[in-house]
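Here the structure comes first, spelled out in structure tokens, and everything after it is commentary.
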Amino acid sequence: MKFTHLFFIGLLTKVYTETVTVLSTRSYRLATTESTPTDGTVYLTLTRQQSSSTSLNASTITTPPSNSSASVQTTAVTDCHFHNSVQYCVDGYGNEGSILPVPTNTNNLPTSYDGCHSHDGDTFCMDGDKEVQFVKLEDEDDEESSSSSGKKCHFHAGVEHCVDDNNHDAVTCERVKRDYDIPLRIGLLFVILVTSGIGSFGPIVLKQFVNLSQENYIIVIIKQFGTGIIISTAFVHLMTHAQLMWSNSCLKIKYEGTGASITMAGIFIAFIIEYIALRIVNARDTGKVDKKEIEETSSNEQSLHGISVNDKISVMILEAGIIFHSILIGITLVVTDDVYFITLFIVIVFHQFFEGLALSSRIISITNASLSTKLVMALMFALITPIGMAIGIGVLNKFNGNDPSTLIALGTLDSFSAGVLLWTGLIEMWSHDWLHGHLRNSSFVKTTVALVSLILGMLLMSLLGNWA
């Protein structure tokens with residue numbers, strides 16, 4: 001019996017002291033040992049080695065003690081390199097992962113990050129005074145996640161909106177530090193300027209040189225397409241963005257009708273300005289012409305709701321609503337994360353061109369304004385979005401889209417602009433042309449062309465709402 005015990009003791013001793021060979025096709029790190037002075041536990045640290053087999057002595061392999069307060073056992077990630085513009089690094093356990101946010105300028109980037117620590121199960125490291133996130137490859141749930149693993153993020157009006165895997169809001173109200181490609185933004189500012197100018201000046205120049213009548217098919221197509229653009233902008237872009245602002249979890253407003261109330265105020269203010277202008281015009285005309293002449297002129301030139309759509313005041317109200325939200329477009333485009341910037345920029349280019357076309361289609365209809373006045377109105381639209389972009393570049397390193405004051409400012413302007421555009425789009429443009437204008441008794445062909453143009457404007461602008 002004693003001999004048997006000695007035999008098993010010897011066998012166990014032999015097994016525990018033998019060298020164990022691990023075969024793998026992956027790159028492992030050379031095993032080194034480090035002992036702690038407190039409990040004598042031996043830890044295994046790996047260093048990279050290109051080899052198909054690595055020998056590890058079983059006596060040096062022990063499992064480190066679990067620590068519920070931290071999931072990161074090292075304080076640095078090293079061997080950082082690039083694959084397809086994404087920076088990958090390796091942590092102390094040989095796990096490869098990517099660095100978020102994705103850097104836009106790949107020059108002079110560090111090959112390692114230190115000061116690594118854990119927040120809610122996620123690993124963060126320091127790049128100077130900036131914090132970056134290290135996400136292990138097996139933990140990445142979505143390639144489009146810009147904030148952290150398990151989050152799906154996108155930008156609406158410059159504000160990042162994130163949801164987790166259960167479609168619950170995953171919003172941080174603190175400012176997120178990002179690297180912005182400022183030279184790119186400055187260069188594309190001029191592209192927006194040119195595109196907006198083409199849209200706003202194009203119809204004016206066309207009518208000036210070709211001298212088309214208001215009932216010409218080209219003018220009808222431009223005007224009805226523009227009407228569809230304005231209607232879609234109000235409903236799909238402004239009201240949707242405003243609702244996202246007012247429903248943001250960082251904004252503690254209990255009244256759910258805030259955005260709709262401000263939109264209603266925008267409609268009322270647009271109406272009251274136009275009504276007062278009408279009363280002033282009527283009072284001025286009463287002293288000059290017979291009341292009968294006023295009524296005859298009104299039946300031919302004015303719509304039943306009180307003021308001619310061709311009047312300068314009406315178009316100025318329309319332009320005011322467009323300008324309010326165009327300056328926001330410039331600001332929010334610039335502060336968008338680089339991952340989404342180019343996509344949003346392309347959408348905004350089309351957005352500004354279509355909206356400039358819509359505004360200009362009404363500017364050319366003004367009968368009581370000179371050419372210079374029309375050109376100034378077109379120039380104001382062309383400049384306003386680049387001005388917004390310049391403001392955005394100036395506040396780039398301070399902007400926090402989830403700050404309550406920012407949300408209130410953006411939400412108020414979006415809601416108010418929606419109200420103004422709803423009044424001008426529905427009353428001054430759509431209703432006037434179709435119920436009280438020349439399209440009321442137009443031919444079947446012209447009616448069909450106008451209707452298709454109207455629907456096309458709505459569809460295209462609504463489609464852009466998927467990205468902007």
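Cβ atoms here come from the backbone N, Cα and C positions, even for glycine.
Here Swiss-Prot flags Asn57 (among others) as N-linked glycosylation site.
Among the features that Swiss-Prot reports, N-linked glycosylation site is placed at Asn67 (among others), with the record citing sequence analysis.
Per Swiss-Prot, signal peptide is recorded for 1-17, and the stated evidence type is sequence analysis.
Under the heading topological domain 'Extracellular', Swiss-Prot lists 18-185 (among others), citing a curator's inference as support.
Feature annotation from Swiss-Prot assigns topological domain 'Cytoplasmic' to 207-217 (among others). Residues 364-365, 371, 438, 442, 446, 449 of the same chain lie 6 or more positions beyond the ends of the topological domain 'Cytoplasmic' (207-217) yet place their CB under 8 Å from a CB of it.
Across the range of the topological domain 'Extracellular' (239-257), the DSSP-based residue counts are 8 helix, 0 strand, 11 coil. Per Swiss-Prot, topological domain 'Extracellular' is recorded for 239-257 (among others).
Looking at the topological domain 'Cytoplasmic' (279-314) alone, the prediction's average pLDDT is 59. Look at Swiss-Prot and you will find 279-314 (among others) tagged as topological domain 'Cytoplasmic', backed by a curator's inference.
Using a Cβ-Cβ cut-off under 8 Å and counting only residues 6 or more beyond its ends in the same chain, the topological domain 'Cytoplasmic' (360-374) has close neighbours at 199-204, 207-208, 214, 219, 222-223, 225-226, 308-312, 314-315, 318, 429. Taken from Swiss-Prot, the feature topological domain 'Cytoplasmic' applies to 360-374 (among others), supported by a curator's inference.
Positions annotated as topological domain 'Extracellular' by Swiss-Prot: 396-406 (among others).
Residues annotated as topological domain 'Cytoplasmic' in Swiss-Prot: 428-447 (among others).
As annotated by Swiss-Prot, transmembrane segment applies to 186-206 (among others), with the evidence given as sequence analysis.
Here Swiss-Prot flags 218-238 (among others) as transmembrane segment, drawing on sequence analysis.
Outside the transmembrane segment (258-278) by six or more residues, the chain places 239, 242-243, 245-246, 306-307, 311, 313-314, 317, 321, 411-412, 414-420, 422-424 with a CB less than 8 A from a CB of the stretch. Residues annotated as transmembrane segment in Swiss-Prot, with sequence analysis given as evidence: 258-278 (among others).
Residues or ranges marked as transmembrane segment by Swiss-Prot on the basis of sequence analysis: 315-335 (among others).
Proximity of distant same-chain residues to the transmembrane segment (339-359), defined by a Cβ-Cβ separation under 8 Å and at least 6 residues beyond the stretch ends, is recorded for 101-102, 144, 146, 154-155, 181, 184-185, 188, 191-192, 195-200, 202-203, 222, 225-227, 229-230, 233, 237, 315, 318-319, 322, 326, 329, 333, 377-378, 381-382, 385, 457, 460-461, 464, 467-468. What Swiss-Prot records for 339-359 (among others) is transmembrane segment, and it gives sequence analysis as the kind of evidence.
The transmembrane segment annotation in Swiss-Prot covers 375-395 (among others).
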For the transmembrane segment (375-395), distant same-chain residues with Cβ under 8 A (at least six beyond the ends): 182, 185-186, 189-190, 192-193, 196-197, 200-201, 204, 315-316, 319, 322-323, 326-335, 348, 352, 355-356, 359-360, 363
Stretch of maximal Cβ-Cβ contact with the transmembrane segment (218-238) [cut-off: under 8 Å; candidates 186-206, 315-335, 407-427, 448-468]: 448-468
Positions whose Cβ lies under 8 angstroms from the transmembrane segment (186-206), at least six residues beyond its ends: 212, 218-219, 222, 330, 333, 345, 348-349, 352-357, 359-361, 363-364, 371, 374-375, 378-379, 381-383, 385-386, 389-390, 393
Surrounding residues of the transmembrane segment (407-427) on its own chain - C-beta under 8 Å, 6+ positions past either end: 157-159, 227, 230-231, 233-235, 238-239, 241-242, 245-246, 248, 250-251, 258-260, 262-271, 274, 305, 314, 317-318, 320-322, 324-325, 328, 332, 401
